[in-house]
Amino acid sequence: MTLQLPGFAVLMLLQSCSAYKLVCYYTNWSQYREGNGSCFPDALDHSLCTHIIYSFANISNNKLSTSEWNDVTLYGMLNTLKTRNPRLKTLLSVGGWSFGSERFSRIVSNAKSRKTFVQSVAPFLRTYGFDGLDLAWLYPGPKDKQHFTTLIKELKAEFTKEVQPGTEKLLLSAAVSAGKVTLDSGYDVAQIAQHLDFINLMTYDFHGTWRHTTGHHSPLFRGQQDTGPDRFSNVDYGVGYMLRLGAPTNKLVMGIPTFGKSFTLASSENQVGAPITGSGLPGRYTKEKGTLAYYEICDFLRGAEVHRILGQQVPFATKGNQWVGYDDPESVKNKVKYLKNKQLAGAMVWAVDLDDFRGSFCGHNVHFPLTNAIKEALAVA
């Protein structure tokens, strides 16, 4: 007799038998994608992740604030998931690409504006039912390094002071670059790690059009052709470097992308290192040159040639003059095996709305196939 466990029971097993986190980012602009690309928080599986991070909040008049007209409604949708899974933690992420580094810089470099921000956070999170804050400053520079550390220390102190009997202390996490140059210039890793509950390491976006050649944006290991600074552009180096800088293994959460990076080939040459003319064509739903959601990649794979970069343990696919490097169930399982060997805190997914959340694109009628593959791999003894 075999025991078939429903998804929720598997999650309970995952959460009780191991301390692995599965941290899933949800983006509030995914609601605006057309047709089957549109994703609202009520489409998320309450039993899939241990933590869901809602991206992104804004800062107005130096105070934490909403960024979309209907954020409050979406906050409610997301936090309703906790009625079905009381162990689920939700965090609100502030910052992101469009927020910009300069605005963060101005706010945190001034003690008065920083204090206003810090004191605004807990009431906002409590009002809307969140369990914590995630800082997505992309990215602090050399002049911001000490201010970023101070911000984190002050937020942690405020959360400690704010907690009431019968309530849990608010969580504090940060999304941190895995790029060596950015890490060196903007982060005092050993210091911030002391005060953060966990660190979401962005081990992706390592390769882009600036290289003028094809290459995978989230390879597990260094490639044969990677010399000079390119040798730093892989998951293994990013994780190892963070650990050497003082990040404790039990706070480091390794990022796994549910998106691919695409390029337009310059010639018939289509292997790793082939010349390119620029970004790949935009996806039907995400509409951003050079980036495809996993569900768009599943469409792309029909009629495409699929290859595996064996040493780097990731796939890429070509069709016509289009080249896309991405992750699939096999590669994410290898990444989970790697992070478990390193005794890391768990995996982070950017983003659940880029996975096949409807289960209608990638076959087998499986919802969130990549995130589920990660969850299953984390649960394996």
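Glycine too: its Cβ is placed from the backbone N, Cα and C atoms.
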Check: Pick from 37-51, 247-261, 262-276, 322-336: which stretch is listed in Swiss-Prot under region 'Important for AKT1 activation and IL8 production'?
Finding: 322-336
Check: Which candidate, CYS24, CYS362, does Swiss-Prot give as the disulfide partner of CYS298?
Finding: CYS362
Next item on the list: By CA-CA distance, flag whichever of CYS24, ASN28, CYS49, ASN58, CYS362 among the recorded positions is nearest to THR203 (chitin binding site).
Entry: CYS24
Margin query: Please report the three-state DSSP label of CYS298 (disulfide bond).
Written below: helix
Margin query: In whole Å, how far does the CA atom of GLU68 (chitin binding site) lie from that of CYS24 (disulfide bond)?
Written below: 20
Next item on the list: Let me know how many other Cβ atoms fall within 10 Å of the Cβ of TRP97 (chitin binding site).
Entry: 9
Check: Quick one: Cα separation, CYS362 (disulfide bond) versus TYR139 (chitin binding site), in Å?
Finding: 34
Item checked: Between ASN28 (N-linked glycosylation site) and TRP97 (chitin binding site), the C-alpha gap once rounded to whole angstrom -> 13
